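K.L.:
Quick one: this structure, given as structure tokens, is what I'll be asking you about.
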Amino acid sequence: MTTLPARPEAITFAPQHSALIVVDMQNAYASQGGYLDLAGFDVSATQPVIANIKTAVAAARAAGILIIWFQNGWDDQYVEAGGPGSPNFHKSNALKTMRNRPELQGTLLAKGGWDYQLVDELVPEPGDIVLPKPRYSGFFNTPLDSLLRSRGIRHLIFTGIATNVCVESTLRDGFFLEYFGVVLEDATHQAGPEFAQKAALFNIETFFGWVSTVADFCDAVSPPSLARIA
């Protein structure tokens, strides 16, 4: 067992019964020229987030924590996105951007395309799990719940983009399914103004989970000798 400093209080977990979840670190969300950028969201501060996620992933992997990577998106015909009968059709900023800019049709969040791919700096390794997801929550229409339960995993450490959308949505759904969710705040970034990040973290630490940092996570899961060297 290890104890992680967090807000509103420290949380204790067993690394072998935990997973680090990397949410949607795709070009769409973290790169210039990706969906968020083209839709008018600021992605200029994502590079430190990428670096922090890379650090957290390395520490988690060394500690024997399962790494799960999510990629948000749909088939290139957008059947999986839902038609006018789906609220996703009306609220997805990717779909709205393509309707407003027809020349982008088939490029944003389409499986197999650059936008859908994980950023170059973050590469899954053998033993990791990579899951596609069609909506904001990683629990919706995916095998995430069964994959976690079959491994006895109850604690989920969250990183990724966007804090106030897919990260928070997945953590909230996990809360309702009796998972303990922790967000590493400096390994996340919001879609929208800074207050969206603050509001999401407030919601999480007050109602749905815990908030910590990459440095505290690495110290908590690293052997004492490695922690001292770091």
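Glycine too: its Cβ is placed from the backbone N, Cα and C atoms.
The annotation active site, proton acceptor is assigned in Swiss-Prot to D24. Feature annotation from Swiss-Prot assigns active site to K133. Among the features that Swiss-Prot reports, active site, nucleophile is placed at C166.
Map the listed features onto the structure and describe their local environment.
P.N.:
In the structure as shown, the Cβ atom of D24 (active site, proton acceptor) sits within 10 Å of 25 other Cβ atoms. DSSP classifies D24 (active site, proton acceptor) as coil under the three-state reduction.
DSSP gives K133 (active site) a strand state.
DSSP assigns C166 (active site, nucleophile) to a helix. In sequence order, V23, D24, F70, N72, K133, Y136, S137, G138, G160 are the residues near C166 (active site, nucleophile), counting only same-chain partners six or more apart with C-beta under 8 A.
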K.L.:
What number of additional C-beta atoms lies within 10 angstroms of the C-beta atom of K133 (active site)?
P.N.:
23
